[in-house]
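Taken from Swiss-Prot as is:
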- Asp25, Thr39, Asp69: Mg(2+) 4 binding site (BINDING)
- Asp25, Asp69, Asp201: Mg(2+) 3 binding site (BINDING)
- Ser40, Asp41, Asp117: Mg(2+) 1 binding site (BINDING)
- Asp41, Asp69: Mg(2+) 2 binding site (BINDING)
- Asp48, Glu250, Trp298: substrate binding site (BINDING)
- Gly116, Asp117, Arg140, Ser203: ATP binding site (BINDING)
- Asp204: Mg(2+) 5 binding site (BINDING)
Amino acid sequence: MTKMRESEIIRMFIEEFDNHALGDDAGFVRFNDSWLLVTSDMLVWRTDVPDFMTPEEAGKKVVTMNVSDIAAMGGLPLAFFFSLGVPENTDEKTLRGIAKGINKGAKEYGVKIVSGDTNEAREIIIDGGAIGRGSRLLLRSNAKPGDLVCVTGELGRPLTALLLWLKGEEIPPKILEKAKNPKAREREGIELSNYANSAIDISDGLSKELWEIARSSNVRIVIDEDKIPVNEEVREIVKDPIKIALASGEEFELVFTIPKENLGNISFDFTIIGRVEEGEGVYIKREDKMERLPILGWEHLKGGDYVNL
């Protein structure tokens, strides 16, 4: 059994590859006067699909996961492809539901399903991929001192839904809807490509994503606890809503850093939660105290758990 975390495995592979530029939400190669973006993201039934989610919702989620990666790079999603691992005892209803969900997601985001593969597996695995195009890329490594740190949407619902489900408690409809049917911010990503310096999607938790930007850009990020956009229902349900908002993964909201003078050009709703400074690390301001922010969020291969939660 491996003793390495998911993030450690990723870093190890990047070290072995000649292309050390890997590490963003999507890979990219120059294609004429634009960038060709390619990403892949996998959904494994045992770890990624709680029983409150239908096969159709799971199929659509795989498309969302991959489109979100393209959006975080500031790209226009164009195509979706996937490989499907299927146990031999899987019923047709489940497979048909997955197929309908993939098609529904492709229609919603305006991407074409261009390729697929199927093989036998011990459990259902959907390994999705997306192709996109961008003119100006949003990289995790391009945050600049003086940038403001912003986030789209409200945070906390997916993790709240998961924790309630694990405890066997009823999940309020609006909390459940975000967990079952997340949305990629593809339009926002395209707009941000003109004005922001860096971006990342919240797939593993706000805390982890902020650390990714800080490390990749060699900067210090300071956020204000009072400015984190926690969903109101989450505040009413959980004991520590800020911690939940910082750790909640599969939000697929965008975190971005942007020069202050460019804020007026943004047409969608967002929340300013902090700033980028010279230095290193991620810090959170709580009342009059400044604390180093722990890395909270989902981590595969350590029991599949939310680390430090």
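Every residue gets a Cβ built from N, Cα and C, even glycine.
Candidate binding-site residues: Gly116, Arg140, Asp201. Nearest to Asp48 (substrate binding site) by Cα distance: Asp201. Within 10 Å of the Cα of the residue listed as 'Mg(2+) 5 binding site', the following binding-site residues from the list Thr39, Ser40, Asp69, Gly116, Asp117, Glu250 place their own Cα: Glu250. Nearest by CA distance to Arg140 (ATP binding site), out of the binding-site residues Asp25, Thr39, Asp41, Asp117, is Asp25. Taking Asp69, Ser203, Glu250 as the binding-site residues under consideration, the smallest Cα distance to Ser40 (Mg(2+) 1 binding site) is found for Asp69. Here the binding-site residues are Asp25, Asp41, Asp69, Glu250, and the one ringed by the most other CB atoms within 10 angstroms is Asp69. Around the Cβ of Thr39 (Mg(2+) 4 binding site), the number of neighbouring Cβ atoms within 10 Å comes to 24. Cβ crowding, taken as the number of other Cβ atoms within 10 Å, peaks at Asp201 among the binding-site residues Ser40, Asp117, Arg140, Asp201. Sequence-distant neighbours of Ser203 (ATP binding site) (same chain, 6+ apart, CB under 8 A from its CB) are Asp41, Met65, Ser68, Glu209, Gly249, Glu250, Glu251, Phe252.
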